[in-house]
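Listed in Swiss-Prot:
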- ARG18: site 'Transition state stabilizer' (SITE)
- TYR23: active site, proton acceptor (ACT_SITE)
- ASN74, HIS80, ASP87, LEU101, SER102, ARG111: substrate binding site (BINDING)
- HIS100: active site, proton donor (ACT_SITE)
Amino acid sequence: MFRVLLINGPNLNLLGIREPEVYGYKNLSDIIISLKKTAVSLNIILNHFQSNAEHELINCIHNSYKNVDFIIINPAALTHTSIVLRDALLAVNINFIEVHLSNIYKREKFRHHSYFSDIATGFICGFGIEGYHFALHMAYKYLTIN
């Protein structure tokens, strides 16, 4: 079985409440339940972590070292600001896919830059919660090939 860690950054605990026209109407718990069903079908153990605190996200990444085969991360607004989160991902050297529910390039200019996309195995944005499912399938495909 492959071990995949899904990390969600700041404000994603408010999915379904915060700007649902941008981020969708499903809450994070429902999304995780759906993803865990998909993970079972792919023979993946999926663990999830969400925090609004940058240092907790960093600790989660550090703790994934040698315990996780792949990371799927939605850094949320930290995408555009967090060099330290980028450095944490580089330090553990675990392949990851960056996911965003909205298309960050169709939004405000300050959201167009990502500190993660150039070091990510893949980048998915603009497909809502389906982006997470696609990332999970791509993580599985990557892990079975490599």
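From the backbone N, Cα and C atoms, a Cβ is placed for every residue, glycine too.
Classification of HIS80 (substrate binding site) by DSSP places it within a helix. Rounded to the nearest whole angstrom, the C-alpha distance between ASP87 (substrate binding site) and ARG18 (site 'Transition state stabilizer') is 29. Across the structure, ASN74 (substrate binding site) and HIS100 (active site, proton donor) are spaced 6 Å apart at their Cα atoms. Annotation: ASN74 carries the greatest number of neighbouring Cβ atoms among the binding-site residues ASN74, SER102 [cut-off 10 Å, Cβ to Cβ]. Among the recorded positions ARG18, HIS80, the residue whose Cβ has the fewest other Cβ atoms within 10 Å is ARG18. A straight line from the CA of SER102 (substrate binding site) to the CA of ARG18 (site 'Transition state stabilizer') spans 13 Å. Take the CB of ASP87 (substrate binding site) and look out to 10 A: across all protein chains shown you find 13 other CB atoms.
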